[in-house]
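Chemist: Pulled these from TrEMBL:
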- 48-161: domain 'Expansin-like EG45' (DOMAIN)
- 171-251: domain 'Expansin-like CBD' (DOMAIN)
- 1-22: signal peptide (SIGNAL)
Amino acid sequence: MADFYTNCILLLLFFLVSTAAGAVFQPSPWSLAHATFYGDQTASETMGGACGYGNLFVNGYGTDTAALSSTLFNNGYACGECYQIRCVSSQYCFRGSPFATVTATNLCPPNWAKDSNNGGWCNPPRTHFDMSKPAFMKIANWKAGIVPVMYRRVPCVKQGGLRFQFQGNGYWLLVYVMNVGGAGDISGMSVKGSKTGWIAMSHNWGASYQAFSTLGGQSLSFRVTSYTTKQTVVAYDVAPSNWNVGLTYQATVNFS
């Protein structure tokens, strides 16, 4: 009987610790959508984008990226999410239905001038991926133009910690968060200067958050929460006291 109660206590402790730490992101079930591509094989037209990641090569995203229809984009909260996509039910699909793993870096806006089934591929409520051409060419012949696909969310596998790119001025700090592991997405952030308490940051757009505070001359720490898992990580002293806008600072922690 003692062993029974001991096991119950251990299970309860495990549950409490897991809940406090946040759930580890697991792949979602497969769902049906459609995919097109934009740009050419250099993927130069995918640079920048609504998530604010800038140069995707420099910032670690490469050419395996996609723009999401607004149904998926979720007002920017889907920025950084990772998807596996494979072509199905088309003569243009490659043999074996291989998948491409892409990161959401952009918005595919609606085109209300065209019918949703004839050119307005990203019109709500359509679930659609406008992939970079190199990513699309991993799953299907580019001559198809558009193909039906199966997709699922998968954990984002990243090397190293979260990256924080600073913009703004002495009274306004705008931070782009990149290299996000786990679910890849963010629902909220706070910043702490070495002379302040925690200051809540508001969502600006895409993957950026802002604080209207005077934080110059202080080392900065960040508290980041995942949109999907609600897991929170704290990155202490990411930026030194002589930090500056236009620079990127990397933490030693990330989501799992």
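Heads up, the Cβ atoms here are built off N, Cα and C, so glycines get one too.
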Chemist: From the DSSP assignment alone, can you count helix, strand and coil residues within the domain 'Expansin-like CBD' (171-251)?
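Modeler: Output for the domain 'Expansin-like CBD' (171-251) reads 0 helix, 43 strand, 38 coil.
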Chemist: Can you check how the pLDDT averages out over the domain 'Expansin-like CBD' (171-251)?
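Modeler: Overall, the domain 'Expansin-like CBD' (171-251) comes to a mean pLDDT of 97.
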